[in-house]
Structures are given as C-alpha cells and as structure tokens.
C-alpha cells in the first residue's frame, strides 16, 4: 500500500513539474507579454517600422510612451503595442499592430494603426 501511495505522489509531482514548465513556454499562436530582450527587439521594430512608414505616403509618427507590448507567432510574428504616438503637432493613444513575415521578399511587413478618437485605421504593407 505504501508503494502505491509513493507512486501516486511521485506521479503528481511529475505532472506538476511538467505543467509548470509548459506554462513558461510560448505557445505557437498564443499571445504573450514581451519582456527583456524580446521587448527591446519589439520596440526597435516599432521605431524602424514607423520610420519606414514615414518614408512613403504614411504619416510621420514617433512612439512616445509604450504601455504594453505583446507578441504572437502566426505565420510570422505579430506584435501589438499600446502606445502614445506623436505626429509633431498632436499626441494620440493608439494600438499599433506589426505583422512581419521576414521570408517574403515583398509585402513581408504590415502595420495597422488605430488611434482613439479616429474613425479609420491606417493599414500599410511593404
């Protein structure tokens, strides 16, 4: 009987360890808050993408205050930012989504910007 109890306890401990380890890993398609180097890389992507947007027919925005950055693996990477953007004359609270598919030579980056108080959404791909 003690052997059965010991095996049950050992099994529960193993299941707990596996569940804890799985919770720490990013699930493909799952959304996760970005921290550390991942957050730093995502912020660099935001700045570079906003700069690229300004070289075309898009507006010229600068990220002032980023309050949240999430990442998701979906046929590439989708980063979502809650950010205050400044266009030189006005500051707006916005949601910015940047979807990158680096293996595509053309149309591998898409940016969508939706700001509070605005009716439309900016949507550009290059």
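Note that Cβ sites are derived from N, Cα and C of the backbone, with glycine treated the same way.
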Exercise. Select from 67-71, 72-76, 77-81 the stretch of residues annotated by Swiss-Prot as motif 'Secondary area of contact'.
Key: 72-76
Quiz item: 10 Å Cβ neighbour count around residue 115 (disulfide bond)?
Solution: 21
Quiz item: Residues of the same chain, at least six outside the motif 'Secondary area of contact' (72-76), with any C-beta under 8 angstroms of its C-beta?
Solution: 26, 28-32, 99-102, 108
Quiz item: Helix, strand or coil at residue 29 (site 'Reactive site'), per DSSP?
Solution: coil
Self-check item: Other C-beta atoms that fall within 10 angstroms of the C-beta of residue 29 (site 'Reactive site')
Solution: 10
Quiz prompt | Cα separation, residue 29 (site 'Reactive site') to residue 94 (disulfide bond) (Å, whole number) | solution = 23
